Amino acid sequence: MRAYCVTSESVTEGHPDKVCDQISDGILDACLAQDPAARVAVETLVSGNTVFIAGEITTTARLDAVRTAREVIEDIGYADPALGFDSGSCFILTNLRTQSPDIDLGVSRGAELGAGDQGVLYGYACDETASLMPAPIHMAHGLSLRLAAARHGGVLPWLRPDGKTQVTVRYDGEGRPEALTSVIVSTQHDEGVDRETLVRGIIEAVIYPEVGGWLKPETRVLINPTGRFVIGGPAGDTGVTGRKLMVDTYGGCARHGGGAFSGKDSTKVDRTAAYMARYAAKNVVAAGLARRCEVALAYAIGERLPEMVSVETFGTETIDVDRLTAAVRETFPFSVSGMIAALDLRRPIFRKTAAYGHFGRENKGFQWEKTDRVDALRAVCGL
């Protein structure tokens, strides 16, 4: 294998698309907090100082979507009218209806739920980082989280909510990360901050603490390459739910079936099966059965079991792949109801997933990030 490079990006919680993801998942959580069986499919669009929320919700919860949206926007940091978008003055329109009875016909099938839609879903894990995530997306998220911490903590008081990061990692001929070739940080900032202060602050509070050990003299470091990023967030760009799929998942290091996560309850396999696929793949790698693992699942609307369960290990497996695939099928529940129960997805936990990635965040209490099936998996494999 020849050496190659991989580039992944991340965005902060104030990015317009992420604002939408968090509003959609905030509304989902508000429903689940009162009604764990709520059916929710909510999309959000933000543009300028306007928010449009649309979708289908069937629930017994007493929902105030407008209030929830304003709370999310304020928590992100858009509370000042000077930003051009703020929680107090933004205009919010809603168009929320109940779930189509034709869809419900396929989902509500007695004790065992059917899939809310068809889809192909992928989960991935590798041994490049402690969280078993690819190194590029791990670094990119780390930089974005440092930006957010520096803003919320007042370390860099001139930071504003919007921001993006990107890293390029070079891999050696054996597929191991060997060098960081490029780091890009673009962050919204107050009008009055001078460039020298901005660059020094980002280097000292964001870049060095996160990837300092990877920096070499030849590493290319770019901070606000255009020179100015004052207008940002929804005041600068329109945002829509579900437009940061690679940021949400593996930074382009694994396949993606195309279905977004945010705003969808757990009967939607776009979300639930992607989480279960990650859970399975992560346990395979944690068990030492492969260095890299991708689990693929496919579902038909109304059916409770998958049409396909496939395991790809890219030649890094330590046991026969057919044997490993059989063990994955036996160890993990892939029915819709089984996945919901195993991952405890009736809880209001989803807003936490809506920024900085759905995977690799082991301190958030997500069941799909646990490696608690390693022993069971190895036992089924006869190890």
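The backbone N, Cα and C atoms fix where each Cβ goes, glycine too.
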In Swiss-Prot, which of the ranges 99-109, 187-197, 363-373 has the region 'Flexible loop' annotation?
99-109
Return the residue out of E56, E303, E307, E312 that Swiss-Prot annotates for the same L-methionine site as Q99, D237, K268.
E56
Calculate the distance in Å between the alpha carbons (Cα) of D17 (Mg(2+) binding site) and K244 (ATP binding site), and round it to a whole number.
7
Once DSSP output is merged into helix, strand and coil, E56 (L-methionine binding site) belongs to strand
Given a separation of at least six residues and a C-beta threshold under 8 Å, show me what packs close to K268 (L-methionine binding site) in the same chain.
A41, G116, D117, G259
Counting distance between Cα atoms, which of the binding-site residues H15, R228, K264 is nearest E56 (L-methionine binding site)?
K264
